[in-house]
Amino acid sequence: MKVSVTKNTIQSLKLDAVAFPISKSEKDNALKEVAAKTGVTVALFEKDFSADESSLMMLYPDLELCAFKRVFLVGLGDKPGLDACRSAMASLAKKVKELKLATVGVDLSGAKALSETANDSVDYIAQTAVEGFHSGLYDFNQLKTNRVKELKSGKSEDDEPKQAVEELVLATDAKILSDVKKGAETGDIIATSQAMVRDLVNSPSNYMTALDFAERVKASGEKHGFKVTVFDKAKIEELKMGGLLGVNKGSVIPPTFSIMEYKPEGESLGRVALVGKGVMFDTGGISIKPSSGMGDMKADMAGGADVLGAVEAAARLKLPLEVIGIVPATDNMPSGSAQNPGDVLTTYSGITVEVDNTDAEGRLILADALTYVKETYNPDTIIDLATLTGACIVALGETTAGLFSNNDELAEKLYKAGQRAGEKVWRMPIWDEYDKLIKSNVADVKNVGGRSAGSITAAKFLEKFVGDHSSWAHLDIAGPAFPGMTNGGGSGSTGFGVRLLVELMRNWK
């Protein structure tokens, strides 16, 4: 979808539809302005349009006055903020998609006033609008068409999701044109990177193995200009990454270890390492999961996909920050060669782990990756993302990720980035008292700590593999990354984490 910005009068736009965002507090005045611009009669519909958040009404303009064919009134609610803007634009996109309209405009002449209400900038309002519209348009349609090869190779010239809308036009005033254009361009980059992540996470495991994922990483690096190195099984064995190899023992598909390196052309503000869990399909291994909802376990690589999306977006936005992305990838399968409960693994760090439960596999592969990135790249900050625990969903639901960190400043930055980006996180404790829950009698540590504090003990386990690094955060994205993943709800991937990470990196100091 093409995204463009214009200062031309709204009436002159030859489009299938034009939308007017309207808040409840400004409803009366806004409707009068819409009437003046479109020729619609306010008295015929003003009582029927509530202006509640994401509410919609379609009208037909005076075609002698306007070049566009339809009018949409889009509700922003009482005190519209960034989340309301995203939600409203997503609602609009869904309706436009349903009606199969090809060209759509949005009147953003009021972006300045909206930015003041939302306490943010004009460019961020435009960015948010584009992100929301892209989100509402998204469909996972690759396996319903002849696009299977494109999905696996990532090398098609048209490898973005197929969308009904051909162009989104943001119409605004000349005074804020440059700000709206800047925000629209940024929003388009972030949203398309996030859509790519959603495609990867929604892909069935027979189309997205560890090998397939590595190929997608290579294709993205080649297209967007960041370096990619992929370790094969022989290299992983040479490095003695016992966590990744242990999880992979039950699979006939070899593991991969993908490394992404983005470096800015000019001076760098620092080096950030992103580590993502890449369990391509999680049966639980010998500690096998119930069959109900197991198909959603194709989404257990969402953290790894997020890392690819964030690195890709950083490269496309040309951020002045060095970004290292690491994704250990494998599936977790039961077989005669699979690891057993009670086995002891030696990780890349040399720390030994008692595998008390083979379904706690994500932390095992992350353990190797965390130590590797710390020792190899010495980053200023390490952030890992993983659909790690059902316990985090119990604690925070499906809208919020768990945040665990050994650095108060980093935790605060992530919290604020999440609030602004609409991908919220909430900090959880990682006090030393929890260490006793993962104490092992036969190894240095156990990979699970029992029923209580499951998300916390998982974070405490990971903490051991960053050692003395003083700026680390773990994001448990099990709830928001794939709503319904633990109950067979089948809601599909959200791409949660991409906007959060990009927002953090764009404001790096």
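Cβ atoms are placed via backbone N, Cα and C, with glycine included.
Note that the coordinates shown come from a computational prediction; the quantities given were computed from them, not determined experimentally.
Per Swiss-Prot, the Mn(2+) 2 site holds LYS277, ASP282, GLU361; the candidate it also names there, chosen from ASP296, ASP300, ASP343, is ASP300. Counting other Cβ atoms within 10 Å of each Cβ, the lowest count among the binding-site residues ASP282, ASP300, ASP359, GLU361 belongs to ASP359. Counting only residues at least six positions away in the same chain, the Cβ atoms of ASP300, MET301, ALA302, GLY303, GLY304, PRO328, GLY362, ILE365, LEU366, ASP384, LEU385, ALA386, THR387, LEU388 sit under 8 Å from the Cβ of LYS277 (Mn(2+) 2 binding site). Considering only the recorded positions LYS289, ASP359, ARG363, the residues lying within 10 A of ASP282 (Mn(2+) 2 binding site) on a C-alpha to C-alpha basis are LYS289, ASP359. Within 10 Å of LYS289 (active site), counting CA to CA, the recorded positions ASP359, GLU361, ARG363 contribute ASP359. The highest number of surrounding Cβ atoms within 10 Å, among the active-site residues LYS289, ARG363, is found at ARG363.
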